[in-house]
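Here's the structure we're looking at; comments come further down.
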Amino acid sequence: MLDIRLFRNEPVTVKSKIELRGDDSKVVDEILELDEQRRKLISATEEMKARRNKVSEEIALKKRNKENADDVIAEMRTLGDDIKEKDSQLNEIDNKMTGILCRIPNLISDDVPQGESDEDNVEVKKWGTPREFSFEPKAHWDIVEELKMADFDRAAKVSGARFVYLTNEGAQLERALMNYMITKHTTQHGYTEMMVPQLVNADTMYGTGQLPKFEEDLFKVEKEGLYTIPTAEVPLTNFYRNEIIQPGVLPEKFTGQSACFRSEAGSAGRDTRGLIRLHQFDKVEMVRFEQPEDSWNALEEMTTNAEAILEELGLPYRRVILCTGDIGFSASKTYDLEVWLPSYNDYKEISSCSNCTDFQARRANIRFKRDKAAKPELAHTLNGSGLAVGRTFAAIVENYQNEDGTVTIPEALVPFMGGKTQISKPVK
């Protein structure tokens, strides 16, 4: 959520930033109008309360002097009713303002390129060279079924489209990837490992910006009023919701693996085969809490943490900065890492790393103190995929496939695969 002072002091800037996303900036005028009404109501209410205090003194004085106080008592009752009415009006305006503010996205950083869609994202780095095959490479969805690593048909029977059973060495590879990523982030990148709740309440979803605007993208357990998480970013960021982080704690760096659940509303017809776009998938997440002046350097570091995984696995990738028309709701700036997939003859997103500045912290009331005597300030929150496990799985299977149908295990993963260096079709 944005600071109301930005609307008061820099309305033109806020309007232009909203328009860069392709959104309607008239909400700024709506907020300013409501804010003016609110301030007038507060002023009027304070005047009434001051008069009520004065009348209370007059009543007491008249009673001490044994004078008739009926007139001032009547005024006191009228003032009480008027104050109650003003408070009700103020509460209504507050609810209207919050209802609008909570749907306004974060302000985009000045260095984010302008554009309308992912086609306008700007490549800033490329690593590795896509492999040239001496044979016709297969798509990962064909490879995993031939090697008995996955079963899409039985998953469809059990759960519907966009689900998968990972079987045999497919399940082992998925587990190995999660263990490898978590180990890398905790032992080399300084993150604290967390196991997170995968069902959360509405306040938690509100804190990170999924609610109320993106409810259609979520799965909800209606009876309990809980939501399945679309990413571990949600519970990790809300760890400090409604708390003041004590001096000396920041920077705080969490990592955790979880299943992620997404309805993929609006994705009909896209990536219908394989592991790229599922309703349920595994992901390793990185979340950071930073002092405001440190968050931009933290974004660069977090992105290189994700890149280190891809490089150690030997997977060609590129880094792009998302344009104004493609960046997420809560982010001020986002880097996407895109891995090379031979089946697409293109790069596909495998990680997003974002600086959300104080946007989520204001929604979730996450504050910190620089020292014991200091006034609490809003922290900056960052999140990044480190990485999307299923897409990493697909990238390994496609980029490390062999002509005989086997798949070579990247060297970095061998210890996590029990020493196994190759995946072959099971004998049975």
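For all residues, glycine too, the Cβ spot is worked out from N, Cα and C.
The feature L-serine binding site is assigned by Swiss-Prot to T231, A232, E233, E285, S385. The ATP binding site feature in Swiss-Prot is assigned to R262, S263, E264, E349, I350, S351, S352.
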- prompt: Per DSSP, E264 (ATP binding site) is which: helix, strand or coil?
  reply: coil
Message: I need the CA-to-CA distance for R262 (ATP binding site) versus T231 (L-serine binding site), whole Å please.
response: 9
Query: For A232 (L-serine binding site), what is the secondary structure by DSSP, using just helix, strand and coil?
result: coil
- prompt: Which are the residues of the chain, T231, A232, E233, E285, S385 excluded, whose CB is within 8 A of where the CB atoms of the L-serine site average out, their centroid?
  reply: V234, L236, G256, S258, C260, K283, V284, M286, V287, N383, G384
- line: Sparsest Cβ environment (other Cβ within 10 Å) among binding-site residues E233, E264, E285, E349 belongs to E264
L-serine binding residues T231, A232, E233, E285, S385: largest Cα-Cα distance, in Å and rounded to whole number: 9
Query: List, in sequence order, the same-chain residues at least six positions removed whose CB sits under 8 Å from that of T231 (L-serine binding site)?
result: S258, C260, K283, E285, N383, S385
Residues that sit under 8 angstroms from S352 (ATP binding site) by C-beta distance, when 6+ apart in the chain: L322, G328, T334, Y335, D336, L337, G384, S385
- request: Measure from the CA atom of A232 (L-serine binding site) to the CA atom of S263 (ATP binding site) and give the result in Å, rounded to a whole number.
  value: 16
